[in-house]
Every structure is written in structure tokens, then in C-alpha cells.
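Here the structure is laid out as C-alpha cells; the discussion comes afterwards.
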Amino acid sequence: MKKNISINLQGIIFHIEEDGFEVLSRYLAEVKAHFANYRGHEDIVSDIEGRIAELFSVRLSPMQQVITIDDVNAMVAKMGRVSDFATDDLDAEDVEETATAGRASAFGPEGAFGTKGPFGPEGTFGRKGPFGPEGAFGPGAAAADAAPAEPKRLYRDMAHRKIAGVAAGMAQYFAVNPVWVRLGWIALVFILPGLFGALNFTRGDNHIHFGGWAFLAYVILWILLPKRYDAPAPTDAMLNQGPLAGRKLFRDTGSAKIAGVAAGLGAYFNIDVTLVRVLLLAGLFAGGFTLMLYIILWIVLPEAKTVSDKLRMRGDDITLESFDSSARNNAFADGTATTNRPVGAFVEDAARNLRPAVNFVGSSIRIIAGILLTMVGFGCLVALAIALGAGIGLLPQSQSIVVGDAPAHVMLNGVPGWGLLAGFLVLAIPALSLLLSGLNLLFRISIMPRTVSLSLLGLWLLSVVGLVSVIAQQSREFQYETTVEQSERYPQITTPVIMLDRRHVDRQWEQHVGLRIVGVDSGKTVEVLRTMGAHGATEEVARRNALTTIDYTIRTSGDSSLVLDDHFSFLPDAKYRRQELTVTLRLPRDRTFRLSRDFAYDLLGDEDFVNDRRPEDPETHRYRLRGNKLECIACTDEQLGRDEDEDDSDVNINIDADNDEGDNNDEDNNRGATAFSTDLNSYGPDRRTFQETGFTRVSAVGGYRVVIRRGDSFKIEAGGDKDVLNDLRVELEGNELQIKPRTTSGSFLGRNWNHNERKALIRIEMPAVERLELAGGITADLGGFERQDRLDITQAGATALNLNGDYGTLKIGQAGACRTTATGHADELSLDAAMACELAAANLQARNADIDLAAACKARVNVTESLKGNAVGASSIAYSGNPKNVKVETVGASSVKRL
């Protein structure tokens with residue numbers, strides 16, 4: 001048993017053994033006596049004590065909480081003694097007396113409790129002796145060796161932070177110098193985006209905005225990581241790795257011109273400071289990025305104020321001799337040095353004066369963020385509570401309370417109560433966390449104790465398991481899909497002119513009715529065919545769901561008017577089984593028709609009219625049937641919006657009077673790509689022509705409209721506003737023609753193409769096309785080519801394509817809300833689509849088709865021989881043409897339908 005003494009070194013409390021305290025006291029007395037005649041000796045002694053505190057902190061661990069005499073001797077060996085370099089200042093007799101007393105003392109190196117004494121650390125009964133705790137016969141050695149180290153945790157180091165402690169915490173976790181972590185964040189946010197933008201590394205100017213994502217990652221870590229205020233200081237192991245071992249980056253204001261950044265960098269990398277300043281000036285004139293770097297380093301790097309800081313900056317050993325040498329050669333010995341840095345001093349004073357304003361802005365941001373989080377969390381909790389109440393029947397049935405694609409009482413009907421509770425908790429616990437986080441920001445207090453937080457986390461994980469279980473159970477109710485048809489005649493409608501109108505029913509978009517118009521023989525009665533579809537655990541259950549859950553009303557007004565609802569409703573006690581309703585309106589060909597504006601725009605589309613041209617004021621015209629499409633009687637080309645290039649695309653119209661299965665008006669033909677004007681005069685008065693030739697591939701990006709037609713020679717012409725055309729870049733790379741904008745405008749996190757900002761038409765004529773790549777909001781029209789053996793098409797990022805031709809192999813790849821309308825013929829059709837893409841190919845006759853869809857994609861194809869493919873993630877495949885071999889696999893909520 002030894003007596004321990006508590007000491008304070010630079011604000012840090014240490015427990016030290018009595019013999020170690022005696023040696024440390026004599027050591028500090030020597031230091032104070034030696035530096036007593038130096039100017040600023042108090043600061044020098046404080047630096048030395050701070051260095052001693054750092055060395056002692058490294059020696060402590062969960063297994064050793066007391067500083068021993070061995071630790072003191074190790075510190076003395078590392079720091080050195082005054083006598084090592086200044087023996088002249090001490091009387092030789094005093095030195096010998098001190099040494100002899102130390103050796104002869106009971107607690108000296110040679111005493112009974114000394115280093116090698118019987119009871120010393122290395123003695124027989126000492127800590128490291130044979131019978132000591134760590135000796136061969138010591139009972140605690142194995143336990144000490146087996147003691148687990150403190151687990152590493154990622155946190156925000158608030159004790160050594162510069163902004164939020166994220167970089168300092170990451171440095172603690174990975175045991176590296178915090179400076180490198182901070183410089184890494186700076187490079188990601190500011191330097192890499194500038195370099196990538198200047199050097200144009202990415203094709204088509206679709207840059208990855210490192211700055212935005214890095215900034216977002218920092219904010220997320222700021223929010224998610226816990227705070228720690230008692231983190232240890234960065235150890236020597238962190239600071240003494242690599243070629244710059246032992247160095248630490250500071251601002252050297254002693255030899256500064258502005259802020260000491262260049263001088264600090266020069267000292268850190270051991271190079272001439274003039275070279276550093278020349279490089280910074282070169283970067284300033286080359287692009288200005290070094291100005292931002294200089295300002296950031298000015299803010300991030302600490303100033304080398306003390307002798308210890310300056311020694312670390314140069315990589316010198318922090319010993320007494322180093323302190324003595326520095327004190328003799330700098331301002332501490334010769335007087336206070338003055339630095340000529342008026343710019344730096346002015347900026348620092350301005351920053352100091354602006355600190356209250358910055359604090360006010362920070363507080364304002366905190367309050368605004370707290371209010372937003374509180375409102376969002378509270379609103380989500382209220383909405384979830386209302387949905388839960390409607391699901392379990394506490395609230396009356398209402399069409400306005402919606403969950404997903406249907407009213408809450410329909411969507412949640414049939415879901416077990418425990419499943420509803422699990423789903424509620426999965427969403428409500430994060431909403432509660434948002435609410436409490438907002439309150440924490442507003443009031444700066446921790447409202448939820450740690451035990452409650454952990455309990456809620458466990459409850460949330462349990463709820464996730466329950467929700468997954470109920471989803472798996474409910475998915476069995478959607479395994480089969482069946483359609484049921486019901487026909488109703490209206491003989492009371494006898495007038496030569498029939499009025500078609502619609503009645504608005506306030507329901508969800510998923511309850512919208514799909515409408516087909518089909519012409520029947522003259523003299524027949526108006527007939528309405530309802531095709532109701534639903535899912536179920538078996539085909540019989542699916543059929544019953546279709547017949548007993550859908551409510552749809554058709555009304556007549558006198559003998560001349562037919563009124564159709566635009567949405568269907570659910571019957572009482574109906575369960576959501578992805579119900580659908582399609583209405584086929586069979587109209588006699590010997591009648592003419594009038595349309596209300598609501599009917600023409602809400603129930604019909606452009607494809608329901610001849611040449612896909614709906615009149616501008618459909619309610620003012622009369623129509624007749626031509627095939628299965630409506631033809632405006634006495635409409636002018638101007639009223640139909642017809643342009644001179646209309647003949648470039650073929651329009652296939654089924655004129656068979658009795659064929660009710662024509663693809664031209666199929667409800668499953670999707671929306672496809674929308675038509676656009678191909679007249680250059682519609683895009684502005686300015687023109688640009690380009691001379692590139694010899695290409696067989698076209699790549700376009702940037703929200704433009706592109707028309708590609710066959711021509712005997714190459715011709716490229718663009719029309720639009722002057723500013724847009726000046727920003728247009730058309731260049732040839734190999735055999736590929738590249739179309740893209742010169743500038744890179746977009747959001748902070750990535751590019752954001754806007755059609756209105758890039759409104760221009762590019763018309764291309766070429767003998768043959770082998771490959772077409774579209775990205776970034778391009779709308780294109782390709783047609784007029786003769787038989788082609790192969791055409792590869794790649795679309796990404798909300799592009800649209802109208803395609804017409806005859807192909808041997810047609811390969812289409814889509815990603816990200818792309819749409820394609822295809823007409824013509826293809827021997828082999830291959831489609832690979834992901835993320836809400838659509839292919840409308842009812843008028844493309846394909847012999848064989850291979851379709852792969854993922855993530856809410858749709859495909860409507862016309863196949864004659866073989867169809868194979870996969871549909872994953874709520875995707876759907878609809879096909880016609882009576883193929884002989886069909887092999888399509890579906891996963892989850894996906895579906896395959898034969899028309």
C-alpha cells in the first residue's frame with residue numbers, strides 16, 4: 001500500500017504516488033529555477049507542465065489510474081533534465097547532493113521503494129516482480145492481460161472541435177491526426193468540385209457534385225453522432241505517423257504577412273515559405289481556388305502561440321533543451337517581437353467583432369430548424385393517428401382519409417390489429433423522434449432520457465419485424481389476378497347525334513376509369529362493356545373481389561346523352577385488392593357525336609383521335625368514327641395543331657368495323673412519349689448549322705428536342721433562342737455525334753435539367769443510325785429509316801422517344817422515368833427497364849420479345865411468336881398478338897396481362 005497525492009497540471013487532476021511526487025517536485029523546481037531569468041518564464045513553465053500532463057495522460061488506462069515513479073522517470077527521460085544542457089548553472093556540489101539524496105532516499109531509485117528495491121516496481125514484491133500482480137506468480141497478471149479494451153465509438157469530439165466536432169471525432173475513431181480529416185472534408189466540399197468542373201472529367205458534363213454530398217454527409221453526422229465533452233487529447237500515436245511524424249499544422253503569425261498560413265505550411269512541410277507563397281499566388285491567378293483554401297485554413301488552423309506549439313509545428317522534440325534553445329533565440333529572451341501583418345490583424349478584428357452577428361445567425365438557424373422539425377413531427381403523428389383510427393374503425397368511413405392508393409378504411413380493411421399497430425409504431429416512433437429533436441433544438445435540453453430512447457429503439461425494431469410479417473401475410477392476397485366483364489345496352493339513346501359527358505367523382509387517381517372507344521356496325525345499340533379487375537389469394541377469390549367491391553355508375557339524359565363517372569368507388573366493407581376498371585364504349589358508326597370538354601380531356605387522350613390530334617376546343621365540334629378513333633368533322637389544320645412534318649410518322653388506323661381488339665385504342669398501351677412540334681420555326685428565329693459528318697451514333701443530353709430522319713447526306717440544324725443556341729455544343733468523337741450544353745447548371749447535389757430553360761430543336765439527317773443515347777430530359781423523334789439489322793437505344797433521366805421503323809434487332813435500355821412509343825416491326829425486341837419507365841409498343845409488331853422490368857415499370861407489347869421476361873417491384877407487362885410461347889416470371893406486386 002502506498003500513499004497517493006492529487007496534483008493539478010494545467011487543469012488536469014492526476015493521482016501520483018508519494019515517491020513519484022517527490023521526484024516530480026524536485027524536477028519542476030529545477031525547471032523553474034533555470035527559466036526564472038527568461039522573459040515570459042511563467043508561460044514557458046506552463047508549456048512544460050502542459051507537456052508533462054500530456055505524457056502522464058498517455059500512461060493512464062482503465063487498469064492504471066495512478067502515476068507511479070516509473071511514469072515520472074519515463075517522463076524525465078523523455079523531457080531531459082536541466083543538468084543535461086545547463087550544468088554550468090548549477091553548483092556541481094548541489095547536483096551531486098541531489099543525486100545522492102535521490103539514490104539514498106527510501107523512495108529513490110536505489111532505496112527500498114525505489115525502482116529496483118525489494119518493494120519497488122521491478123523488485124521482488126513490486127508490480128513487475130515475480131510475486132507482483134504482473135509477475136509469473138502474480139494472481140492478477142492473467143486477468144489484467146485478459147481485460148478487454150474500451151470499445152471504439154464514433155462520436156463528436158466537443159473538447160477539440162472546430163465547428164461541430166465531427167472531424168475531431170472521426171480522428172479519434174480512426175486514430176489519425178485531426179488535421180488530415182479536416183483537410184479531407186475541405187477537399188471534398190470545395191477543392192474536388194472545382195477540379196472536376198475545370199478539367200471536365202465526366203462525360204456529357206454530368207458532374208458528380210462532391211461538394212453537395214460531402215456537405216450533406218457532414219450535416220447528417222452532425223445530427224446523428226452523440227456528443228462527448230471529455231474526449232482525450234490526440235495522442236502522440238496520432239501525430240507521429242508518416243513522413244511528417246511529430247509535426248502539427250499551425251499558423252505561424254510570428255513570421256506572417258497576412259495570417260501566417262503560408263509560414264505555417266512551410267514550417268510543417270519543411271520547405272521555403274517563399275515557395276509556398278508563390279504557389280498560393282499562382283493558384284490565385286490560375287483560377288482562384290487557393291483563395292478559398294487560404295481562408296479555410298485561416299479559420300481551421302490554430303495559431304502557434306506558445307513555445308510548445310512552435311516546436312510541434314517544426315517537428316522538434318519537446319524537451320527542456322528545446323524549450324531552452326527556443327527561449328534563447330526568440331522573443332522570449334530578446335523582447336517581444338512585432339509582426340507587420342495589418343491585413344491579417346484587420347480581418348481577425350473584424351471577425352471578432354462579427355462574432356455576435358454570427359452567433360445570432362446560428363441561433364436563428366437553430367430555432368428555425370427546431371420549429372420545422374417540431375411541426376413536421378407533430379403533423380406526421382397526427383396524420384398517423386387519424387389513419388390508425390380510420391383503419392380500426394374509430395373514425396367514420398371517409399373518402400378523404402387516404403392511405404397509399406385507396407381510402408384508409410378500404411386499404412386497411414382485413415389487416416389484423418397487431419399489424420396496424422406495428423405499422424403505426426414503425427412510422428410514429430421516427431415522427432416522435434423528429435418532434436423531440438425539434439424541441440431539443442428549441443429549448444437546448446434533453447427531453448428523452450437515454451433509457452427511454454433505447455426502449456423506443458427496441459420497440460421500433462420489434463415493430464419492423466411485425467410489419468414485415470403482416471406484409472408477407474397480406475401479399476398472399478395479391479397472388480392471382482382476374483378480370484370480369486359486364487355488358488349493358490342503352491336502347492333509349494336513339495338520336496343521330498349523341499352527347500358524351502362525364503361526371504366528376506372525387507376519388508384517388510388509382511380509381512380513375514380507363515376508357516376505350518370501339519366502333520360497331522351501323523344500326524346497333526349503344527353498349528357499354530365494363531371490365532373489372534382485382535387480385536386475390538385464388539382466381540375464384542379474385543373474381544369475387546372484382547364483382548363485389550367496385551361501384552360504378554353510368555347515367556343517361558333523355559334519348560341523346562350518356563354520362564360516365566370518371567372514377568369508380570368502393571362498396572361498403574370492400575378490401576383493397578388493386579382493383580381496376582376499364583370501360584369500353586361501343587358506338588354505332590352511323591351516328592355523330594358531341595363531346596363535353598371534361599369528357600374530352602379527362603376520359604380521352606390524344607391517341608383516341610385520328611392522327612393523335614385532339615382539337616383545341618373539343619366541345620365546339622362534332623365527330624364521327626373512323627376505325628376506332630374519333631375524327632373531327634370540318635376541323636381545320638390549325639384547329640388540329642397539324643404541322644408540316646406530320647407525314648414523317650406513320651399512323652396505323654384499324655378500319656375494320658367489327659374488330660374490337662385493335663391496339664390503337666388499347667387501355668394498356670400506356671402513355672408512352674408525347675408528341676412535340678418538329679417545326680424549327682416553333683422554337684425561335686435564330687438558327688445554327690453544324691458541319692460534322694461520318695457518324696452512325698448519336699448521344700444527346702440537356703433537355704433539348706431532337707429529330708432524327710434519314711437522309712442521303714449529313715445535315716445538322718438547330719433552332720431556338722440565341723442564348724440557348726450559343727450554349728449548345730455539337731461535336732464529333734469517333735463515329736459518335738455528341739449534343740450537350742456548354743455550361744453546367746444544376747442543383748447543389750446534382751444536375752437538374754429543365755425543358756423550358758433548354759427549349760431548342762435540333763434536326764439531324766443521316767444515312768444510317770446504329771445507336772442512340774438520350775439523357776437528362778431529352779425528347780426525341782426517330783423515324784424514316786429503311787430496314788435496319790440492329791438498333792441500340794439507351795435512355796436515362798426522364799427522356800422521351802417516339803420511334804418508328806423496321807428492325808432486325810431492337811434493343812432498348814431505360815432507367816429513371818423514361819418513356820418510349822414504338823411503331824413498326826422488329827424481329828427481336830429486347831427491353832431492360834428500371835425505375836418507373838414505360839414502353840408503349842402496341843403498334844410495334846415483334847416476332848420475339850425479351851422484357852425485363854424492375855421498380856414500377858410498364859410495358860405494352862405486341863408479340864407473335866415468343867415472349868419471355870421478368871417483372872419485379874410493382875411492374876406490369878401487357879401483351880397481345882397471341883404468342884405461341886410465353887414465359888414471364890413475376891415477383892411481389894408485379895403482374896402480366898394478356899389482352
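Glycine residues also receive a Cβ, built from the backbone N, Cα and C atoms like all the rest.
Summarising the annotation, TrEMBL assigns compositional bias 'Acidic residues' to 657-667.
Mean model confidence of the domain 'Phage shock protein PspC N-terminal' (152-227) amounts to 73 (pLDDT, 0 to 100 scale). According to TrEMBL, the feature domain 'Phage shock protein PspC N-terminal' maps to 152-227 (among others).
Marked as domain 'Phage shock protein PspC N-terminal' by TrEMBL: 247-304 (among others).
Residues or ranges marked as domain 'PspC-related transmembrane region' by TrEMBL: 338-478.
The domain 'PspC-related ToastRack' annotation in TrEMBL covers 501-637.
Annotation comment: TrEMBL describes 695-883 as domain 'Putative auto-transporter adhesin head GIN'.
If you look up TrEMBL, you'll see 641-688 marked as region 'Disordered'.
The transmembrane segment annotation in TrEMBL covers 182-201 (among others).
Taken from TrEMBL, the feature transmembrane segment covers 208-225 (among others).
Annotation source TrEMBL lists transmembrane segment at 278-301 (among others).
Look at TrEMBL and you will find 367-395 (among others) tagged as transmembrane segment.
According to TrEMBL, the transmembrane segment annotation covers 415-442 (among others). Remote same-chain partners of the transmembrane segment (415-442), defined as residues 6 or more beyond its termini with a Cβ less than 8 Å from a stretch Cβ, comprise 223, 366-367, 369-378, 380-381, 384-385, 387-388, 391-392, 448, 456, 459-460, 463-467, 469-470, 473-474.
According to TrEMBL, the transmembrane segment annotation covers 454-472 (among others).
Counting only same-chain residues 6+ beyond the ends of the transmembrane segment (454-472), those with a CB under 8 A from a CB of the stretch are 415-416, 418-419, 421-423, 425-426, 429-430, 432-433, 448.
In terms of DSSP helix, strand and coil, the domain 'Phage shock protein PspC N-terminal' (247-304) has 38 helix, 2 strand, 18 coil. Per-class residue totals from DSSP over the domain 'PspC-related ToastRack' (501-637), listed helix then strand then coil: 31 helix, 59 strand, 47 coil.
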